[in-house]
Amino acid sequence: SMSAAEDAEWLQWVTKQFENIAGEDKEISLEEFKAALQVKESFFAERFFVLFDVDGSGTISLEELLKALSLLVRGNEIDKLRFLFQVYDVDGCCCVPAPSLSTHGVPWAPAGSGSIDPDELHVVLSWCLQESAITLPEERLRDLTLALFEAADKDHSGSITFEELQEELEAFPEVMENLTISAASWLKPPAPVERSHWPRYLTQAYWHNHRAQLTFLGGYTTLNMLLFSLAALQHAALGAWLMVARGCGQCLNFNCALLAVLMLRRCLTWLRATSMAKFLPLDQHVVFHQLVGYVVLVLGALHTGAHIANFSRLAEQDGHHKLTEYLLSPHPEVGGLAGTASQTGLALQGLLATMLAFSSPCIRRSGHFEVFYWTHLSYISIWTLLILHGPHFWKWFVVPGCLFTLEKGLGLALRGAQSMHIIEVNLLPSKVTHLVIERPQSFHYKPGDYIYLNIPAIATYEWHPFTISSAPEQQETLWLHIRSLGQWTNKLYEYFQQLESPRPELKPLSRSLRERRCQHWAQVGTDGAQLLGSLAISHPCQCYIDGPYGTPTRRIFTSEHAVLIGAGIGITPFASILQSIMYRYRQRKQSCPSCHYSWCDELQDEDMTLRKVDFIWINRDQKHFEWFISLLTKLEMEQAELEPGGQFLEMHMYMTSALSKNDMKAIGLQMALDLLAAKEQKDSITGLRTRTQPGRPDWNKVFGKVAEEKRGKVQVFFCGSPALAKVIREHCERFGFRFFKENF
């Protein structure tokens, strides 16, 4: 119950929101109501509107809104349940006449038949499916209707009464307590934001989870300050401007060499296998590369500005030379090869600014990756100009430069040896291209590794990074799942989409093979035609691969309790890892030769110390699950075979477009899905044994359950959007879990 102060605050909030929603007539029309509720389909908006509009005037007044909301927001379970019952009691039409006030003051006392028959339930569940963006065959909808109706119709009378619905929902007390209409921000005031006494960046958990990055950043900053100070002091006699210029110049020597070190992918992959991986922020090497790039641009601007100020001073003192002569003409006293330091410096500043401008996320993610790619190749010109510009840069660059040249040379040599062929292509929903590549015997990689791919038929010179989605134990082929997000990936999808093209190298899969591929979708109640296209390639399409390169996911096998979280196509690295985990788990399984009793060997090897794996896959809608459902089904079957009833690998599926059980527009559907899943041991949405949960995960509950299991030190591995990564990282810090993010 609310206090008097809370009650007054709530009343003020609803009144204010009413004024924002209502028109000049101070009444809420049906269209305004729909917009405020943010309801996708009109069915539920119309049902709610009729129940709110007590006097049947066709509009909702402030008094009617307050009366209705007071029951929904602050009412007891019976009040909420009565409203839910009225929503479902449609009497075979979309709207019922406005109910009159009951003797108890409840504005939605039973009207019409006062009971829910199977046809009414079927209508409501069909609208529930649309509201949650779930597509199921008509037969599956009838199964859901029947499952819910049989469970609720306790007396087998052929209809569900209010009392029967109440009895059925008593099994879900937490649902009834929180039952509301979602996405209506005007229902109640926003909850106050909990603020910690200390800023997040000063908490012990934050420093513990970022110790490698913070140590590296601290060392990097200290070294730059030391280099600047020493160089500036050495030139103190030459004036303040030259002190700044020389200090920045020395820092530029170090930073321009460090830029190369941070992109030595083969060296970094090798370091991941050493003890140094615990102390170096190898997972953030791209982020630090970007940071150092910004530092170089700032230092370059300060260095150039200080020299220009010094040249201006010299021009005033000298009187024989103008500032433009110092900048545009070679002068031996200026420095550089043949006195060209000014000219090479200006050229460097222009190249650096261009490279930085075309490296911005808006360029790379807007379908213009090739602009980023080609402008970034100017690093060759930059390093050449730096050697000509600065007399001491070569000393800083000799070791990183040799390693960089060696890596590039090795990459070019291996690319010739790693010429491969695409032997099969599957076009999946949401424009995902599944490439099956013939794997040479000499190509070795670890789960979660990524490669750079070049397909000359798509673009001759472009190389793009993709995570390998097949397990290393899969000897014959290499799998890549590529989502169409940019120009190159869209071109790839369109290239293979042309099934009826006269190109000789492409042909559709045979009818029988295609039918076998689609059989799985039919079994799980999904239209098999959604597997958009499968191509067998009679004349294999040539491709080149550079790699493999390591990622933070290599740490998964040496964890004790690993939590793998993939959002959308972010499942790709975990697809390979889950297959490899189950392969190693199968190898570790022991059995008694006499009685055939089997158990899991607790003496874990160095390669895999895992005791428990939680896999969480979050998708926006139903069709995205089709990317890896067959793989997850196989993993479930393997676990059931190896450890009946065991929970070594526990899966959690979330569909964010589906409304939660607490929502009146979804409670019936979610109850029906639960009942049918329990009956058939199969989820109606994916076909997995694991039930797909609606909405977004409640990370406090998810991580709280993980912490309670006490299966060892917990490490969380995430691949997905940066916004979700930030949320999960903060929860990991709260629970004391280590957090690792896959960077593309």
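Cβ coordinates come from backbone N, Cα and C, glycine included.
Here's what TrEMBL has on this protein:
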- 40-75: domain 'EF-hand' (DOMAIN)
- 140-175: domain 'EF-hand' (DOMAIN)
- 225-245: transmembrane segment (TRANSMEM)
- 252-271: transmembrane segment (TRANSMEM)
- 291-312: transmembrane segment (TRANSMEM)
- 371-388: transmembrane segment (TRANSMEM)
- 415-555: domain 'FAD-binding FR-type' (DOMAIN)
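Counting Cβ pairs under 8 Å that are 6 or more residues apart, the transmembrane segment (225-245) and the transmembrane segment (371-388) reach fewer than 3 and are not in contact. Long-range neighbours of the transmembrane segment (291-312) within the same chain, counting only residues 6 or more positions beyond its ends whose Cβ lies under 8 Å from a Cβ of the stretch, are 224, 239, 241-242, 244-245, 248-249, 251-252, 255-256, 258-259, 262, 323, 326-327, 342, 345-346, 348-349, 352-353, 355-356, 359.
If one looks beyond the transmembrane segment (252-271) by at least 6 residues along the same chain, the residues whose Cβ comes under 8 Å of a Cβ in the stretch are 223-224, 227, 277, 280, 282, 285-286, 288-289, 292-293, 295-296, 299-300, 303, 379, 382-383, 386, 390, 392-393, 395-397, 400-401, 403-404, 407, 410-411, 547-550.
Across the domain 'EF-hand' (140-175), the DSSP tally of helix, strand and coil residues reads 24 helix, 1 strand, 11 coil. Taken together, the residues of the domain 'EF-hand' (40-75) have an average pLDDT of 76.
Look at the domain 'EF-hand' (40-75): DSSP puts its residues at 24 helix, 1 strand, 11 coil.
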